[in-house]
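Enquirer: There's a structure below that I have some questions on.
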Amino acid sequence: MNIILIGFMGSGKTSTGRILAKQLGYKFLDTDQIIEQKNGMTCAKIFAQRGEEFFRKQETTALKELHGLDGAVIATGGGIVLSADNRSLLHNLGAIVYLKTEPAEILKRVENDTTRPLLPQGNKLAEIQKMLDVRQPLYLAAAQCIIATQTGQPEKAAAEICKILKPEQSCRT
């Protein structure tokens, strides 16, 4: 079984994913890192030089390459659910967990991070809300479970996921 983490930028997918993978003895993979390695540049540079459409196609390719994988925790990019193809690929890959975070908390976590390619300018909180208005229904429709990550404690989120998805297996903490 694979566990796929979806959610908006700054929701804790990577930090929670690393902890969860360690607890379960699973591999940890991050679709953004896969894309960066394949293209030899950061996600921000890919967006700047090749555009969002190219990046979204790279996400689809990365998911296809993960087909047949087992025993991994996979952190995804925040916009991976925008593509219907990606949502279908995610469902075939494993159990999907939505890490849900409120817009004000997202802003607090990412406002000074220059590596976020789609971090809005101007009224950042309003722009984050606007992006969430589009993405949240997709996150909710795709996910088998939802974990609130308001506290910013990835250990807690990992423990909750472990309890919900792997109750027969004790997680190593």
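Cβ coordinates are placed from backbone N, Cα and C, and glycine is handled just like the others.
TrEMBL annotations: computationally assigned, not manually curated.
From TrEMBL, for reference:
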type	residues	note
BINDING	GLY10, SER11, GLY12, LYS13, THR14, SER15, ARG116	ATP binding site
BINDING	THR14	Mg(2+) binding site
BINDING	ASP32, ARG56, GLY78, ARG135	substrate binding site
Enquirer: If you measure from the C-alpha of LYS13 (ATP binding site), which of the binding-site residues ASP32, ARG56, GLY78, ARG135 fall inside 10 Å?
Expert: GLY78
Enquirer: With the cut-off set at 10 Å between Cβ atoms, which of these binding-site residues ends up with the most neighbours? Options: LYS13, ARG56, ARG135.
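Expert: It comes out as LYS13.
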Enquirer: State the Cα to Cα distance, in Å, between SER15 (ATP binding site) and ARG56 (substrate binding site), rounded to an integer.
Expert: 22
Enquirer: What whole-number Å value do you get for the CA-CA distance of ARG56 (substrate binding site) and THR14 (ATP binding site)?
Expert: 19
Enquirer: Looking only at C-alpha atoms, tell me how far GLY78 (substrate binding site) is from SER11 (ATP binding site), rounded to the nearest Å.
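Expert: GLY78 (substrate binding site) to SER11 (ATP binding site), Cα-Cα distance: 9 Å.
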Enquirer: Just counting, how many other CB atoms are there within 10 A of the CB of ASP32 (substrate binding site)?
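Expert: So the number of other Cβ atoms within 10 Å of ASP32 (substrate binding site) is 24.
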